[in-house]
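According to TrEMBL, the features are:
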- 77-111: repeat 'PPR' (REPEAT)
- 178-212: repeat 'PPR' (REPEAT)
- 310-344: repeat 'PPR' (REPEAT)
- 345-375: repeat 'PPR' (REPEAT)
- 525-617: domain 'DYW' (DOMAIN)
Amino acid sequence: MSGFSNLVLRKLKLKNPKLSLLESCTTLSHLKIIHAHLIRAHTIFDVFAASCLISISIDKNLLDYAAQVFYQIQNPNIFIYNSFIRGFSGSKDPDKSFHFYVQSKRNGLVPDNLTYPFLVKACTQKGSLDMGIQAHGQIIRHGFDNDVYVQNSLVTMYSTLGDIKSASYIFRRISCLDVVSWTSMVAGYIKSGDVTSARKLFDKMPEKNLVTWSVMINGYAKNSFFDKAIELYFLLQSEGVHANETVMVSVIASCAHLGALELGERAHDYILRNKMTVNLILGTALVDMYARCGSIDKAIWVFDQLPGRDAVSWTTLIAGFAMHGYAKKALEYFSRMEKAGLTPREITFTAVLSACSHGGLVERGLELFESMKRDYRIEPRLEHYGCMVDLLGRAGKLAEAEKFVNEMPMKPNAPIWGALLGACRIHKNSEIAERAGKTLIELKPEHSGYYVLLSNIYARTNKWENVENIRQMMKERGVVKPPGYTLFEMDGKVHKFTIGDKTHPEIQQIERMWEEILGKIRLAGYTGNNDDALFDIDEEEKESNIHRHSEKLAIAYAIMRTKGHDPIRIVKNLRVCEDCHTATKLISKVYGRELIVRDRNRFHHFQGGACSCMDYW
């Protein structure tokens, strides 16, 4: 209830005790009973009583009912108009805020400092910078441009709608900055993608509240600075601030992206120790985190505890099974979701089709694709077609996959052609690969991965002239392969390794450990596969290069620093190359260790010399 509503109630309780019941109204029917009493007692004609009834109706989001009351009032005051401007400013129909503002002006009423913050909020809600500029003009015209609440609303509006320069200008003009002013500007920089400026401002703040911390941590997470989000979360704790559910969603999501299981478990423990409400949003984030960090059993455990599971939480777990290659589990939970009476969404079908693809379940995938259209009236989108191309390609049905692409009712995008090209690599089909590769390079001329993949296919079929042409094309277009890196978490710290890394403080011990590993796996049959090495260096350099791939360095460090029976979990930002895949299988056999590797496409569970992907990824 707004402060003004409380003030009016206190004044009117003496006149009419029934008005005090407005404070405890919980339903529309209760409100109508009191409204009827006010009409019978003729109190409804008191503008203050009507104002209070309208304000409380709006506070309870009963906007249509409040409007009915409004049209019974002969001379509504500015408080009533402000109530409607406020009520509609955050609604699905913010245009009505402008309607009531214009109407108040036509009735000769003078706006006050409570009018404009919500009028500006309506512009933000509508997403209209032009309307915001007009509102700003009205603010200047009526002399409220130096009011701190109005200025804060303008900072939020301009920054949210992408005009960070105007937001910064107004921020600098605020004479008495409060925590809302600072937080609005920090949020503005984050919205524009400038997290560096946001952090500088954040660090300068004389005081911060939990909203400020939440905005900055969420800003890091949304802009993919996941390690920074977690660092800031630890700083929050060190300063004695208690995180809430909103903060923890961002922290959990950051742990998920980093594959930092230990940090994720610590964050989960913090949630439980502080008796936070694990609602669907936070609970689903935990399911996603455990699945992405390679602990699918814990993901299931959290899922089973969730209150009133919705389609998103079911889909998250199904997608987790798909990532790990557990196709049968994904299909089982998809069936259970249907039996629970929940309607699968588009993204649910993307997850379950992906699971079929990873599991090689061609017929079941085709059935689900048809069921999506027939039973759920969902028109397939590009991602669904991409799953089907991947499904057919993995099964070696390359001609069918290419036909499927060519007969799509929409133009295929790069990921769809990429799925076909990837299948050609596995099945060594240079003819279809050439057609797919050329199309990809036309669609995404800046994407290095497609050039490298096509060149490697040419190399395997001894088409060296074509390899040279691809290499030359990359040089002419300035296309550079992004550096690969691998993450490994230990004792709450995430270690990052890059190819040929020399920056790690223990790099000499790591390299000696790798030489020891290399000697052991060679005895087990490892010979080294240079096919995926950079194609413009000679064989001797290739052999040296593949032995310093980031995942090999991470595995060497993990074996050096962890106990003999603990699973080793690492995260690779790119697709795992064939040589590293082969080497990791042998390491799992020779050392008797389970290695869980998450690459750009999926999870690989290495155990006893085999991988869960069945050598197709």
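Positions of Cβ are set from backbone N, Cα and C atoms, glycine also.
Remember, TrEMBL labels are computer predictions, not curated facts.
Beyond the repeat 'PPR' (77-111), the same-chain residues lying 6 or more positions past its ends with a Cβ under 8 Å from any Cβ of the stretch are 2, 4, 47, 50-51, 54-55, 58, 61, 63, 66-67, 70, 118-119, 121-123, 125-126, 131, 138, 142, 144. For the repeat 'PPR' (178-212), DSSP puts the residue distribution at 26 helix, 0 strand, 9 coil. Model confidence over the repeat 'PPR' (77-111) is summarised by a mean pLDDT of 92. For the repeat 'PPR' (77-111), the number of residues in each DSSP class (helix H, G, I; strand E, B; coil) is 24 helix, 0 strand, 11 coil.
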